[in-house]
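**Q** This structure is in structure tokens; I'll ask about it shortly.
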């Protein structure tokens, strides 16, 4: 069916870049050259006519200054000898006529000798008879002509006659037409040069644009924009100077940046971005930076930065990042639930074993031993599990602590929840996730500090009061060296060797993001104690 054809097949394809550029440049060149031709042709007509008139005037002035002409005017026309001189000059300069008259307009020379002695035809001689040079177009006996007139003076500067020279008008027109054709050929040559230059320009543009047509570039741009705006990861691109050139919607949301804000410009973003993400090494050495955890405006972002190369030259860098905070919180909450389930599973196996013991004692009818065993089991449960569940109202935190108690037991150590501990459930997932992160790091650090030698003890105290949770984690391990304790929360600082020192920095960051605080005390060889204080919505959750 026709309507099922792809849209691209139904859409009319635009003209190619070469065709578009050639047509546009040709139209511009033709318009410009046409205007130049019209203006120049108008000027060249006047210039040609004026040039011929000036040439004729020069000849006329030369004759007017000739002594032979002056002397000849003192005689009768047939006896003056002026005819021979005038004809020689006329033929030499290819003129239509040279007529010398006296002050009565009687001819002393003419191409047709029989007209000598007759009056000059035309009133355009009158100005010359009054002492003024004159240029006019008029028809005489010979043809329509461009005629110039100049007065003749004697030695006393008294006018004694006039020299009239005629140029055939068809000759003037022919010279103008010759000039016009030279202009036309110049215009055509200019068009040809312009088209050749346009073809060269098109080839250069095609190379710059990788052989793509404009509509293909616009399609690629639209596809790129749609792709950038559809992905959830933030994307920020910079040029070789570190200036931000591209930012997608996800990045704007993660960075709380909006292009529409008048007070926010890409240059401002470039400055703040360079302070957060150091792209100088990537731009300089081309070394990618992968899986960096960076906090931007209370968000924990996982950033990857890679160089952008063109012909082997680094021309910029692209950073992609995503919000790791939400993922981490969900993983921590899930981890707490998994720990809770593992703890229940372990306890179910343990109680199954106890039931088998009880069943065996019943078969043996050892009722006294059975009574003692049941009482002991109940007391142990109350001390270990029942007491913990009574103090810790959050199932996630309770399951998490039970799993850590079992882990400490498996490692040969003891994890104790202080008897004065009291923790209501919180209505904030952020607070629960932060507490799990904090307790998890501090307890694991304590277990590692205690080492493989059994017998170590870890104490956890959780105390809630007036919207604040106070947490203490104490161990009797080797402690922290004095030269490291002041920097223990710095990223990369660890008592456990290289490639460590991230956990406590993350704990401090998340605690402070909630508005809380964390501190440490340690006596080498005796104890280490961490103090944590975070807001806790315990009262809201119990309403």
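Every residue gets a Cβ built from N, Cα and C, even glycine.
According to Swiss-Prot, the record shows the following:
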| type | residues | note |
| --- | --- | --- |
| TOPO_DOM | 1-20 | topological domain 'Cytoplasmic' |
| TRANSMEM | 21-41 | transmembrane segment |
| TOPO_DOM | 42-181 | topological domain 'Periplasmic' |
| BINDING | 107, 108, 109, 110, 121, 140, 141, 142, 147 | (R)-malate binding site |
| TRANSMEM | 182-202 | transmembrane segment |
| TOPO_DOM | 203-543 | topological domain 'Cytoplasmic' |
| DOMAIN | 212-323 | domain 'PAS' |
| MOD_RES | 349 | phosphohistidine |
**Q** Which state, by DSSP, holds residue 147 ((R)-malate binding site): helix, strand or coil?
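**A** Residue 147 ((R)-malate binding site) sits in a strand per DSSP.
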**Q** Compile a sequence-ordered list of residues in the same chain as residue 109 ((R)-malate binding site), six or more apart from it, whose Cβ lies below 8 A from its Cβ; state 'none' when nothing qualifies.
**A** 82, 83, 85, 86, 87, 98, 99, 100, 116
**Q** Give residue numbers and ranges for long-range contacts of the transmembrane segment (182-202): same chain, 6 or more residues beyond its ends, CB-CB under 8 A.
**A** 17-18, 21-22, 25-26, 29-30, 33-34, 36-37, 40-41, 44
**Q** By the DSSP assignment reduced to helix, strand and coil, which category contains residue 109 ((R)-malate binding site)?
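**A** SS state of residue 109 ((R)-malate binding site) = coil.
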**Q** Could you tell me which of these binding-site residues, 107, 121, 147, has the fewest other Cβ atoms within 10 Å of its Cβ?
**A** 121
**Q** Could you tell me the mean pLDDT the prediction assigns to the domain 'PAS' (212-323)?
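**A** Averaging the confidence scores along the domain 'PAS' (212-323) gives 76.
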